[in-house]
Structure formats: structure tokens, C-alpha cells
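Over in TrEMBL, the protein carries these features:
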TRANSMEM  21-42  transmembrane segment
DOMAIN    24-422  domain 'K+ potassium transporter integral membrane'
TRANSMEM  62-83  transmembrane segment
TRANSMEM  151-173  transmembrane segment
TRANSMEM  193-212  transmembrane segment
TRANSMEM  219-241  transmembrane segment
TRANSMEM  266-286  transmembrane segment
TRANSMEM  298-321  transmembrane segment
TRANSMEM  341-361  transmembrane segment
TRANSMEM  393-413  transmembrane segment
DOMAIN    424-472  domain 'K+ potassium transporter integral membrane'
TRANSMEM  433-453  transmembrane segment
DOMAIN    485-720  domain 'K+ potassium transporter C-terminal'
Amino acid sequence: MDLELAHGAGAPRKGESWGAVLLLAYQSLGVVYGDVATSPLYVFKSAFAGDDITHTAGNEEIYGVLSFVFWTLTLISLLKYVLIVLRANDGGEGGTFALYSLICRHVRAGLLPGGGNSEDLMADDKDAAGRRGDRSRARTVLERYRVLQRLLLLFALLGTCMLIGDGVLTPALSVSSAVSGLELSMEKAQHKYVGLPVTCAILICLFALQHYGTHRVGFIFAPIVCIWLLCISMIGLYNIIHWNHHVYRALSPYYMYQFLKKTQKGGWLSLGGILLCVTGSEAMYADLGHFSQRSIQIAFISVVYPALVLAYMGQAAYISQHHSFENSYHIGFYVSVPEKLRWPVLVIAILASVVGSQAIITGTFSIIKQCSALSCFPGVKIVHTSSTVHGQIYIPEINWILMILCLAVTIGFNNTKHLANAQASLGKFHEGAWVPITLSFIFMVVMSVWHYGTIKKYEFDVQNKVSVNWLLNLGPSLGIVRVRGIGLIHTELMSGIPAIFSHFVTNLPAFHQVLVFLCVKSVPVPHVEPEERFLVGRIGPKEYRLYRVIVRYGYRDVQQDDLEFEKELINSIAEFIRSGGADQNGFVEGSEKLSSISSGAIPLWEEGGDGEVDGPASPNKEINQQTVAPQRKKARFVLPKSAQVDAEVRSELQDLMDAREAGMSFILGHSHMKAKSGSSFVKRIVINFFYEFLRRNSRGPSYAANIPHASTLEVGMVYQV
């Protein structure tokens with residue numbers, strides 16, 4: 001029952017060609033690297049903005065900035081992310097929360113329900129055997145102290161929220177910086193009325209493109225980034241040769257020391273602007289699920305990194321020979337571009353800035369998906385846009401929220417300098433850095449409240465779960481009236497009896513003659529084969545007519561409509577009954593043995609009251625059931641000729657057909673959270689208002705949309721937590 005996982009990180013797998021890796025590397029240029037590739041537009045301008053430092057004839061400042069930029073790019077982007085951090089992936093997924101999930105499974109420090117199962121932990125313990133020492137001591141400390149586990153989750157949430165906050169500012173800064181090139185080609189009065197509308201229009205178009213999917217956007221954007229990188233590297237090489245071919249000396253760390261020695265406090269304050277050279281580097285890790293480790297490494301090392309180094313050296317070479325500037329923008333990128341090329345480069349820069357925004361947007365999608373899967377973000381609609389790469393997704397709600405916030409900060413600041421200050425450091429808090437901090441705090445509150453409420457709900461479910469033994473002690477009738485029909489009880493639990501069932505029978509002591517506890521699960525593969533979709537097990541003896549069915553869907557599988565789903569469900573239970581539950585692929589979940597069943601093994605044929613047959617005739621054996629009412633459907637199972645069916649199996653199949661003809665009812669839980677009496681004021685506010693508001697306005701499970709409302713019964717239940 002092995003399911004091949006979707007394309008993840010790392011070297012090419014067996015059967016995966018290098019051509020596929022190179023294709024992903026090409027696509028990654030248009031999605032991952034647009035942000036860091038457009039940083040030459042504003043790094044030098046931001047470093048020299050304000051009165052922190054000035055450019056003097058000795059060039060110590062420009063050489064120092066170049067040295068800082070080179071080593072920051074090398075140590076953070078190349079060494080940290082490309083060579084080290086990309087290896088810490090969680091099944092091909094990257095980002096802060098993927099790293100947290102990976103740590104939790106290895107250290108058993110997770111606070112999240114469903115963050116890893118016992119089999120994962122056992123495997124990790126086996127792998128860790130023989131590797132004790134310092135690492136074992138760290139594991140022991142993390143597993144022992146609950147406060148450290150909470151701090152670990154807090155840091156993971158904080159890093160996630162800061163990335164989302166960056167996702168609001170980065171598109172605004174990239175596009176605004178590119179459009180600012182019009183300052184050198186237009187009069188100031190004209191640019192005042194043209195710059196902002198053009199920037200907003202470009203941002204709206206960017207977010208409108210997201211629904212086409214990462215692979216299509218990557219193919220559209222990759223040529224733009226390739227042209228941009230070629231352009232800035234050629235211009236940089238020209239400036240080095242033409243203006244100052246000795247600028248390479250500034251790559252020595254000695255010039256960083258000289259820079260700080262001369263500029264003193266102003267030099268330290270300017271480091272915030274210098275750090276913008278690695279803006280977007282975190283997207284390499286956050287977007288890992290959209291591509292692969294090897295493809296991202298190849299693209300950065302062979303194309304992006306050399307082009308950026310040449311671009312920064314070229315700017316420094318030009319500025320080192322030009323000391324008289326009228327305005328601050330004269331120390332930016334466009335002034336180092338030859339005048340004849342300025343307009344073409346402006347167009348390419350604007351297009352590249354759009355691409356630059358793509359990296360952080362796709363990274364935000366990946367992060368939100370991980371948080372939602374680990375119960376740290378309200379339910380959102382996740383659209384998988386590729387059948388081959390698991391991580392390529394689109395989230396409509398997040399996309400439009402980012403667009404609105406991005407337009408708001410663009411209009412609010414209306415200045416590239418202020419936008420740069422907003423991304424710089426805490427030292428620029430009053431000049432704009434408060435914006436990402438405020439946004440991060442808001443998202444932090446949302447995630448914390450949702451996580452807290454989810455944990456409390458999960459604890460309530462576990463504590464109030466009805467044991468199977470208690471249910472079986474009631475006898476075959478379960479102590480209630482068993483009426484004709486099939487009762488389908490949806491639950492998130494893969495073992496045990498949900499509290500909603502006991503709540504229902506306590507208030508209405510009657511239930512259907514056949515009970516099915518149904519659990520719908522999504523698995524991280526594109527498609528689940530039909531013979532592996534249904535896992536069926538029996539709860540108690542045969543005469544109880546209690547079954548558990550787990551239905552698995554891949555992220556690219558289309559869930560069937562209600563009629564087709566009902567048929568396949570009944571078929572799978574019928575085949576389970578006929579085979580006696582014996583299956584080589586069976587496994588034990590709790591105390592129940594579940595078997596992988598092919599739903600088409602025993603076809604279910606249904607006829608209307610007028611004799612219309614739902615399907616062609618079959619020469620195989622039939623178990624047929626006549627009905628009393630002429631307008632009701634008749635149902636029969638068609639067994640293989642070679643099938644040996646004893647009287648007990650035939651009786652169980654007959655009961656299943658009777659129940660099918662009587663109809664199927666879907667029982668869904670509709671829970672409300674409420675803080676129990678005696679709770680603190682803060683807890684009552686968090687649970688009764690904030691969490692309930694988020695729950696009402698978030699999406700429910702995907703399977704609920706395909707359930708026919710006419711046969712649905714919602715059971716309301718109040719969770720006193």
C-alpha cells in the first residue's frame with residue numbers, strides 16, 4: 001500500500017532526469033529569484049539615504065558598502081540558505097513552519113495535534129540510535145520542559161508572521177523602485193502624478209495573474225529574469241572596465257573595517273539599507289515545495305549569484321568616479337546605466353520588479369498552507385495548480401488580502417525611501433518599520449488564537465471519545481432502536497467513537513441498521529489509485545453492522561459527486577464483507593484492522609421503480625432484493641461466478657442492500673466553542689469571541705461541499721473548554 005510521494009527536495013531521484021531538474025531550475029528563476037535579483041535597484045540608494053553617511057572623494061564609504069553587500073550576499077544567501085538551510089526540508093517543503101514540523105517529529109517537542117504519528121517517532125528513534133551525546137541531551141531538554149516547547153512554537157509563529165508581513169512590503173518596494181527610474185526621464189511635476197498610479201496598476205495585474213499557477217507564471221516570468229540578470233551583469237561589467245577596474249579590491253573584508261571606523265554611528269545605522277541586498281533570500285527556502293533543492297541551488301550558483309556580484313561591483317565602480325549629485329536618487333541604480341540604454345533598461349526593470357514580487361507571494365502561499373495543515377491558521381481554500389509538484393498552490397483569500405494591504409502601504413508611503421525604511425531595521429521604527437511589525441503582530445494574534453482554540457477542541461474530543469468496548473457492551477442493538485437505512489457519521493478520528501455519536505443517541509435513541517464511521521483524509525500525493533482509496537474495517541462482531549471507512553484523496557483528485565461516492569462506498573463495504581476482511585494490505589489502526597478495498601470488485605446495480613436499470617446487465621451471480629413500494633429503487637450486488645458465499649456473508653450483504661434501499665443519511669457535527677464557567681476573562685474573550693469569529697468565517701472541510709443537503713443532518717454540540 002505504498003504511495004509514491006510527490007516531487008520533493010534533493011538530488012534527482014531514481015527515474016527523474018536531469019532535464020526535469022534543469023527545467024525546474026529555469027522556472028525557479030521566474031518565481032524564486034525575482035526579489036533578490038531586483039535588489040540592485042535600491043540597495044545603494046537606501047544605504048546612502050538620509051544623513052547617516054555621505055559619499056566623499058576618498059571612496060571609503062562606497063568601497064565599504066560594496067564589501068558589506070558582497071559578504072552579506074555570500075554568507076546569508078549563498079552559504080546559509082543555498083548550501084545549508086535548503087537541506088532542512090520536510091518532505092520537500094521549506095519555510096519556517098516546515099522546519100518546526102521537522103524538529104517536532106525528531107525531538108517530540110510538538111504541541112500540535114497530528115504533527116506526527118507514532119510510526120514516524122519510532123523510525124526517528126531507530127535512526128537516532130547510536131548517535132547519542134550532545135544531540136541526545138538537547139532532545140531530552142526539549143522533551144522535558146513544556147515551556148521550551150512553547151517557546152519553539154512561538155519562534156516558529158513569529159518567523160512565519162514576519163515573512164507574511166514582508167510579503168506585503170516587498171512587492172510595493174520592488175515595483176516602486178523600478179518605476180522611480182522615470183525620475184531621470186521625466187519632469188518632477190509629471191512624475192509626481194504618474195509614478196503612484198503606474199505602481200498600483202502593476203501591482204493589481206501581478207496579483208491577478210496568481211490564479212494561473214506557479215508553473216505558468218514561472219514560464220512567463222523566467223525569460224524576464226534571465227534578460228534582467230544578463231542586462232545588469234553586462235552593465236556592471238561595462239562599468240567596471242570603463243570607470244574603475246580596481247573596484248574588485250573592495251571585496252576584501254578590510255574595507256568593512258575601514259567603513260565602520262570612518263562612519264562611526266552613521267555606518268551602523270546604514271547597515272539596515274545594506275541588508276536589503278538579501279531581501280527575498282528567504283523565498284528560496286519558503287518556495288522549496290514549488291521546486292526542488294537541487295534546482296534552486298543550480299539556478300542561484302550558476303546564474304543569480306555571479307550576475308548580482310557583477311551588478312553591485314559595476315554600480316560601485318561608477319559611483320566611485322562621480323561625486324557630485326543633486327539628489328539622493330542620483331546614487332541609485334539608473335544613474336549607472338548608460339544614457340542610451342536607460343529607457344530599455346527601465347522597461348526591463350519594471351517587468352523584473354513584478355517578477356521580484358512573485359517570490360514572496362508564492363512563499364506566503366506555502367507558509368499559509370503549512371500553518372493551516374498544522375492547525376495554526378484558519379481554514380482557507382488551497383488550489384493545487386500542478387499534477388506533478390505538490391507544493392505549487394494558489395490561495396485566493398490570501399492573494400486578495402495581500403493585494404489590498406500592498407496597495408494600502410504603497411499609497412500610504414508613496415515614497416521609495418520610506419518603503420525601504422519600513423524593511424530596514426528597528427532603528428527606523430518611527431520612519432516606517434512599524435508597519436511590518438504591526439502586520440506581524442496581527443497575524444501572530446490570529447495564529448495563536450486559532451492554535452489555542454484547536455488544541456482545546458482536540459483535547460475535548462479525545463477526553464470525550466467513547467470507547468469501542470463501551471459501545472459493544474450495549475449489545476447488537478446498541479441499546480437503541482435500529483431503523484432501516486445507512487447512517488454515515490463523519491469524524492476526524494481514525495479510531496474510537498466520536499462524542500457526537502453518543503450525543504446524538506442520548507437525545508434521540510434511534511439509529512440506522514447499518515452504521516458507518518467515515519473519515520475523509522487528504523494525503524500528500526497527486527492521485528490515489530481507486531484500489532487504494534478505501535480502507536474498510538469492522539467495529540465489533542458482524543451482527544452489530546458497524547463499519548469504519550477511511551477515504552483517501554490525493555491533492556489533485558477530484559472528489560466524486562454524492563451519488564457516485566455513495567455507490568463506491570457501498571461497493572467497498574460489500575467487497576469487505578465478501579472477502580471476510582482478509583487482505584494482505586491490511587493494517588491495524590488502534591484495535592481495528594483496516595483493509596485496502598477496491599470499490600469496483602462487487603458492482604452495485606440499482607433499478608428504479610419503473611424498471612430502469614442503472615447499468616448494463618451482467619451474467620454474474622446476483623443477490624437481488626425486491627421492494628414493496630413501486631417507486632423505490634431496487635438494489636443488487638453482482639458477485640463473480642467463482643465467488644463462494646456462505647449463508648452468513650449472504651445475510652450481511654442482504655442487510656446492506658436493505659439499508660441502501662431505505663436510504664443513506666449523512667450526520668455532520670456542528671460544534672460551538674465556549675469557555676467553561678470559572679475561566680479567566682482573557683480565556684473567555686479568546687474562545688467565545690475571537691476563536692468563534694475565526695471559525696465562522698473560515699472554510700470547513702472540503703468533503704462537506706459534496707454532501708447532499710437533502711439527506712444531511714447536522715448535530716449541534718457545545719464544547720465546554
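One is the number of the first residue shown, and numbering goes on along the chain from there.
Keep in mind that glycine also has a Cβ here, set from the backbone N, Cα and C atoms.
Beyond the transmembrane segment (219-241), the same-chain residues lying 6 or more positions past its ends with a Cβ under 8 Å from any Cβ of the stretch are 26-27, 29-31, 33-34, 37-38, 40, 209, 247-248, 303-304, 306-308, 310-315, 317-318, 336-338, 341, 345, 348-349, 351-352, 354-355, 358. If one looks beyond the transmembrane segment (151-173) by at least 6 residues along the same chain, the residues whose Cβ comes under 8 Å of a Cβ in the stretch are 35, 42, 95-97, 99-100, 103, 109, 111-112, 142, 199, 203, 206, 279-280, 282, 286, 356-357, 359-361, 363-364, 367-368, 371, 376, 402, 405-406, 409-410, 413, 416, 419-420, 422-423, 435-437, 439-441, 443-444, 447-448, 451. Tallying C-beta pairs under 8 angstroms between the transmembrane segment (298-321) and each of 62-83, 341-361, 433-453 places 62-83 first. Between the transmembrane segment (193-212) and the stretches 266-286, 341-361, 433-453, it is 341-361 that has the most C-beta pairs under 8 angstroms. Residues 30-38, 41, 163, 166-167, 170-171, 174-175, 177-179, 181-182, 184-185, 202-203, 205-207, 210, 217, 221, 224-225, 227-228, 231, 235, 280, 283, 286-287, 333-334, 399, 402 of the same chain, all 6+ positions outside the transmembrane segment (341-361), place their C-beta atoms under 8 angstroms from a C-beta of that stretch. Counted with DSSP, the domain 'K+ potassium transporter integral membrane' (424-472) comes out as 42 helix, 1 strand, 6 coil.
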